[in-house]
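Participant: Submitted below is the structure of interest, expressed as structure tokens.
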Amino acid sequence: SLLQFNKMIKFETRKSGVPFYAAYGCYCGWGGRRPKDPTDRCCFVHDCCYGKLTKCNTKWDIYSYSLKSGYITCGKGTWCKEQICECDRVAAECLRRSLNTYKNEYMFYPDSRCRGPPEYTC
């Protein structure tokens, strides 16, 4: 669920998903075109991961996971829940690896500045 994803982000980055990532760049939040930096690319990959789970309720399904010893571990559950957890885990870890590229200027970045053809495809 989005609430669980927010907890994973906070665990990995020490920043809350809202406001730090909810409307960051062109992909964090509702998605868009042309990722602005590595942080935004993490959100692009997360969007692609969710996009492959068309039969799953990616934003609201509650899954099993644990946060221990600096690691996120996804637990057992339905196929959908396990896949959603993996999408969220990989994205949260990506955001941690991209912390050194995070730019405050991309917080609440206007959609109008995310125009042009897509730079990447899923």
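Cβ from N, Cα, C; glycine included.
Small disclaimer: the values here were computed from a predicted structure and weren't measured.
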Participant: Considering the candidates Cys74, Cys80, Cys85, Cys87, which is the cysteine that Swiss-Prot reports in a disulfide bond with Cys49?
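Facilitator: Going by Swiss-Prot, Cys49 is disulfide-bonded to Cys87.
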Participant: Looking only at Cys48, Cys56, Cys74, which is named in Swiss-Prot as the disulfide mate of Cys122?
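Facilitator: Recorded disulfide partner of Cys122 in Swiss-Prot: Cys48.
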Participant: With Cys94 as one half of a disulfide in Swiss-Prot, pick the other half from Cys42, Cys43, Cys56.
Facilitator: Cys42
Participant: Cys43 forms a disulfide with which residue in Swiss-Prot, given the options Cys28, Cys56?
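Facilitator: Between Cys43 and one of Cys28, Cys56, Swiss-Prot records a disulfide, namely with Cys28.
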Participant: Going by DSSP, is Cys48 (disulfide bond) part of a helix, a strand, or coil?
Facilitator: helix
Participant: Counting distance between Cα atoms, which of the recorded positions Tyr27, Gly29, Asp88 is nearest Cys49 (disulfide bond)?
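Facilitator: Comparing Cα positions, the candidate nearest Cys49 (disulfide bond) turns out to be Asp88.
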Participant: Round to a whole number and give the Cα-to-Cα distance in Å for the pair Cys87 (disulfide bond) and Asp47 (Ca(2+) binding site).
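Facilitator: On Cα coordinates alone, these residues lie 9 Å apart.
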